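Visitor: Structure incoming, see below.
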Amino acid sequence: MVGGGTKRRRRRLQLSKLYTLTCAQACFKQDHSQIGGPGFSRVVYCNEPDSPEADSRNYSDNYVRTTKYTLATFLPKSLFEQFRRVANFYFLVTGVLAFTPLAPYTASSAIVPLLFVIGATMVKEGVEDWRRQKQDNEVNNRKVKVHRGDGSFDAKEWKTLSIGDIVKVEKNEFFPADLVLLSSSYEDAICYVETMNLDGETNLKVKQGLEVTSSLRDEFNFKGFEAFVKCEDPNANLYSFVGTMELKGAKYPLSPQQLLLRDSKLRNTDFIFGAVIFTGHDTKVIQNSTDPPSKRSMIEKKMDKIIYLMFFMVITMAFIGSVIFGVTTRDDLKDGVMKRWYLRPDSSSIFFDPKRAPVAAIYHFLTAVMLYSYFIPISLYVSIEIVKVLQSIFINQDIHMYYEEADKPARARTSNLNEELGQVDTILSDKTGTLTCNSMEFIKCSVAGTAYGRGVTEVEMAMGRRKGGPLVFQSDENDIDMEYSKEAITEESTVKGFNFRDERIMNGNWVTETHADVIQKFFRLLAVCHTVIPEVDEDTEKISYEAESPDEAAFVIAARELGFEFFNRTQTTISVRELDLVSGKRVERLYKVLNVLEFNSTRKRMSVIVQEEDGKLLLLCKGADNVMFERLSKNGREFEEETRDHVNEYADAGLRTLILAYRELDEKEYKVFNERISEAKSSVSADRESLIEEVTEKIEKDLILLGATAVEDKLQNGVPDCIDKLAQAGIKIWVLTGDKMETAINIGFACSLLRQDMKQIIINLETPEIQSLEKTGEKDVIAKASKENVLSQIINGKTQLKYSGGNAFALIIDGKSLAYALDDDIKHIFLELAVSCASVICCRSSPKQKALVTRLVKSGNGKTTLAIGDGANDVGMLQEADIGVGISGVEGMQAVMSSDIAIAQFRYLERLLLVHGHWCYRRISTMICYFFYKNITFGFTLFLYETYTTFSSTPAYNDWFLSLYNVFFSSLPVIALGVFDQDVSARYCLKFPLLYQEGVQNVLFSWRRILGWMFNGFYSAVIIFFLCKSSLQSQAFNHDGKTPGREILGGTMYTCIVWVVNLQMALAISYFTLIQHIVIWSSIVVWYFFITVYGELPSRISTGAYKVFVEALAPSLSYWLITLFVVVATLMPYFIYSALQMSFFPMYHGMIQWLRYEGQCNDPEYCDIVRQRSIRPTTVGFTARLEAKKRSVRISEPAS
């Protein structure tokens, strides 16, 4: 077994320290230095979980609960959650008051609708929590082998584990808690771990236990085993772990290399032994399971204001009515006789007692508040939740946003922000993996001052297209001009990750080059300085590489293709097959890995210290140019000038560059370094990282330059077209990238973010004054001068814009300048400049800066922001934005797990916003407006009837008519509108992207439109009430000669309202489906069915509605004629207004509908008329780009 394990290990082994979830160390690095104040109080007695010392610590058990409720707390807690909503609380108060004599209706009719709405939501909450409970039980009852204390292991449930337990986890099992790895089935205590449940990554990580515990590979070895661990307190940082283990009187440092996280899985390893360090809710995965930031859409926030406005209206009407009622009641008694004798004051000592009119007015106020509660739509919240869930399903099922290659559909991870997708003003995008494929290809390099590689990048092709001529590449060495045809340019490399072509160094020809020794060191560094795992296919014996980043894979593949094949790795060695410069033969060389100084976004470099077979010590380093050039020795700068020029050329071509350098170490220097780095790593304190950084700074210096690499990260398919279409929609696009400024600018041109003849405002600190200060000045002086310089450049930029004459501008700013631009006293001036530009590119941006820029844009202009990214370094930006969109690419799933919506490719953003965003915004906006319209139409008739009856608190309708209006007779059509309505089809949404501005400018949910719908409700109620009253008043209603009473008038008005609100819905719908026809007409049919069946019930149940339809309304011709006349008269004003609006001042979607109706959608002239009609000249967005393009054409015309 051990022999087989060793064989597998040789195929897959890697430096485990670098493979403990390092992909996101950058964004958590700062938090690590702040862990818990003192933060290192956890003490673990390994193999002694029941010792008195361990018991006194009172650490949490391993039972995990993710439910919101327990059986005891479900009812009170869920009710509390429901009644936190103001509307629900209002209906609760009116429901309670319905049990008092003050109620104008029966208590049951008031409570049943509330119970229906609250009950539906509680059932949903209960089902969801029950599912969570089932999942919790499944996890907590899993079994794992635990040491009994006598050298044997028994299976126990996860929930019974205690701190200090020794557990045995076998292949393909999940780790039950956070463990310190002690040993494994491999001799050197390594194991393979899959972290899919933590970060979504499928590539395996390798962990390794301490050498001192690696021999504990049998169960009986743990009899008598004792160890003492002191480590950091529980925290949410997945990527750090600091601690020490005391064993046999010696202390050993612990790091993420030894930490096995709960819910990750053991793979390709037969078993491991580990000590439980964190349990239950102290484990890092549970610490990370807090809810994401709560986000609410702008429409939802505005809806709350409308609810408050409706409350104010209800209170106002109740107050007016109670005052009038009080005055009338006071004047009711004249000469001992009651004017309104039918109110029977003798039966009620308070309500209608003229002697106590103020008290009667107060009681009337409470009654009126209950009666007018129908102004507030009780089913609004539930209906919106249902609609949003169904909208999300449509987004998830959209075949046009399904990425077949990776089998990844779009996924709305929350339905709260659907309508917000239709109001995005600014998009803030990452570049690598978001705009690009994050699939790196080694294409060029500079070695010893000589440029190699003749590949042509997409950016170079775009530059050629901008200049309008053929693409010409000039070789440095041969001065040969080569014009590449389209076929040659697009020819794909036969080796993934390698698109390098240059016969001077391929096929071993590098040995004849002038600086062959430098070339050898260059590619040897690529073959050795990395964290890649080699894998051997047992059938073909071909080696493939598993790397944490595509850059690393590209470097190793390039080294292999050029004669330096990395083929094996152990914990302490790397094996490379390479061409010997002296003998000319391929030889196998073994490099002993002594130390690894890992890469992170702060260091921007990675180094390894290796020992060659002859004992020579080498430090091999690769990193970003801005940190590497300053670390070169005086004698190591021989090729610096040429390399800098080449790096700038590569950046112009849109390539990602790294500088390669090395130095030889003497044994004494290395010995001192190794002692200091070991001491720093052994430190158990919050400044451990800074101590390590301090030590590495002293060794990574005096380097000798070898050259630079250049890899291409190609744009994703459809990115330029998508950006162009989003710009046409008037959406501003910012790109936040860690690339060099030159690279970012040229990528901007390649992806249509920048246009030729767009003027550029560039803000950076590469000025002679600042550079001279950096060499001689102090930090405070440099910072002050830099800040003043940035402010000056921002002000100059604003001046340029002011006198630009309408020219389009692009703002480009680097990371150093951005740090000062985000200071509190400058950031608002910077924002004013940025939002006035057509495009903004922030270069060399850190993850923190991305989040700060997003926060600034969101809070600064008050409009909706959308952030899109694919990596862990984008998480802060995604959570800060109003909407976070994660790209499910190749950098793991952390961005997706922190996002609101996930898509597989950037190009799908076009359809997500312009189609689904526009539809959802329109649907939700119209739905909310209609909800308030139909409730005002219904509720205001109650007020008018109250006025007609001198505010006697008598409702116009039967109790159950009141209760079921919002539930059965008017709710389904509005839900159907929210799910299915389309003002224009998806095709025309994309063809006329400016339609999207209706959402950005909030045209469909402005106060003007909201108040317009409210006014529609008020005048509809007035028309219905007065026409019905006038038509029925003082005349015989049927053949018996009876005049209509409350039941007849109320039944007639109610019928008219049901017809009006449902036909109003039909007039508001733009796109009819069979479902909409069914729900509209069925709502009317259900009303007639209900009034018939309800009226047949005994009179003690149906009260005034007893046989009112069958015996009074239906037989009467006037009832049907009045219904027809009132419905037509009520809807006619809206119909006339819509016709006039469409004819004389159509909205943008109306113009598109007219084009479609007239069949002119394919006529370019008509389409241009429609497009231009909605465009206002501006210096941002599409019109600015269009003007830049036109000027470019005009400028080039004389030359042609």
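From the backbone N, Cα and C atoms, a Cβ is placed for every residue, glycine too.
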Visitor: Does the record from Swiss-Prot show Gln287 and Ser1070 on the same side of the membrane?
Guide: yes
Visitor: Count the Cβ pairs between the transmembrane segment (1010-1032) and the transmembrane segment (307-328) that lie under 8 angstroms and are 6 or more residues apart in sequence, then report whether there are at least 3.
Guide: no
Visitor: Flag the pair the transmembrane segment (1113-1137) / the transmembrane segment (1046-1068) as in contact if three or more Cβ pairs fall under 8 Å (sequence separation 6 or more).
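Guide: Touching, yes - the transmembrane segment (1113-1137) and the transmembrane segment (1046-1068) meet the threshold of 3 or more Cβ pairs under 8 Å.
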Visitor: Is it true that the transmembrane segment (102-124) and the transmembrane segment (1075-1095) have 3 or more Cβ pairs under 8 Å, skipping pairs fewer than 6 apart in sequence?
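Guide: Judged by the Cβ rule, the two regions do not touch, with the required three close pairs absent.
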Visitor: Can you check which residues sit near Asp430 (active site, 4-aspartylphosphate intermediate), meaning Cβ under 8 Å from its Cβ, same chain, 6 or more apart in sequence, and list them in order?
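Guide: Asp430 (active site, 4-aspartylphosphate intermediate) has long-range Cβ partners Val735, Leu736, Thr737, Lys850, Ile868, Gly869, Asp870, Gly871, Asn873, Asp874, Met877.
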Visitor: Among the binding-site residues Asp870, Asp874, whose Cβ has the fewest other Cβ atoms within 10 Å?
Guide: Asp870
Visitor: Average the per-residue pLDDT over the topological domain 'Extracellular' (98-101) and send me the rounded value.
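Guide: Average per-residue pLDDT within the topological domain 'Extracellular' (98-101): 83.
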Visitor: Could you give the residue numbers and ranges of same-chain residues that sit at least 6 residues beyond the topological domain 'Cytoplasmic' (1069-1074) on either side and whose C-beta is under 8 angstroms from one of its C-beta atoms?
Guide: 976-977, 980-984, 1149, 1153
Visitor: With a Cβ cut-off under 8 Å, give me the same-chain residues at least six positions beyond the ends of the transmembrane segment (307-328) that come close to it.
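Guide: Distal contacts: 86-87, 90, 357-358, 360-362, 364-365, 368-369, 372-373, 375-376, 932, 943, 946-947, 950-953.
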Visitor: Which range out of 76-97, 960-979, 1075-1095 gives the transmembrane segment (926-945) the most CB pairs under 8 Å?
Guide: 960-979
Visitor: Quickly jot the same-chain residues contacting the topological domain 'Extracellular' (98-101) by Cβ under 8 Å, restricted to those at least six beyond its ends, or write none.
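Guide: Sequence-remote neighbours of the topological domain 'Extracellular' (98-101) are 107, 109-111, 351, 370.
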Visitor: Could you give the number of helix, strand and coil residues in the topological domain 'Cytoplasmic' (980-1009) as assigned by DSSP?
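Guide: The breakdown for the topological domain 'Cytoplasmic' (980-1009) reads 21 helix, 0 strand, 9 coil.
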Visitor: Cβ under 8 Å to the transmembrane segment (1075-1095), counting only same-chain residues 6 or more beyond its ends: which ones?
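Guide: Long-range Cβ neighbours of the transmembrane segment (1075-1095): 960, 964, 968-970, 972-973, 975-977, 980-981, 1051, 1054-1055, 1058-1059, 1062-1063, 1065-1066, 1069, 1102, 1105-1110, 1113.
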Visitor: With Cβ-Cβ distances below 8 Å as the criterion, list the same-chain residues six or more beyond the ends of the topological domain 'Extracellular' (946-959) that contact it, or say none.
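Guide: For the topological domain 'Extracellular' (946-959), the list is 104-106, 108-109, 321-322, 324-325, 328, 340, 343, 351, 364, 367-368, 371, 1025, 1029, 1046-1047, 1049-1051, 1053-1054, 1102-1105.
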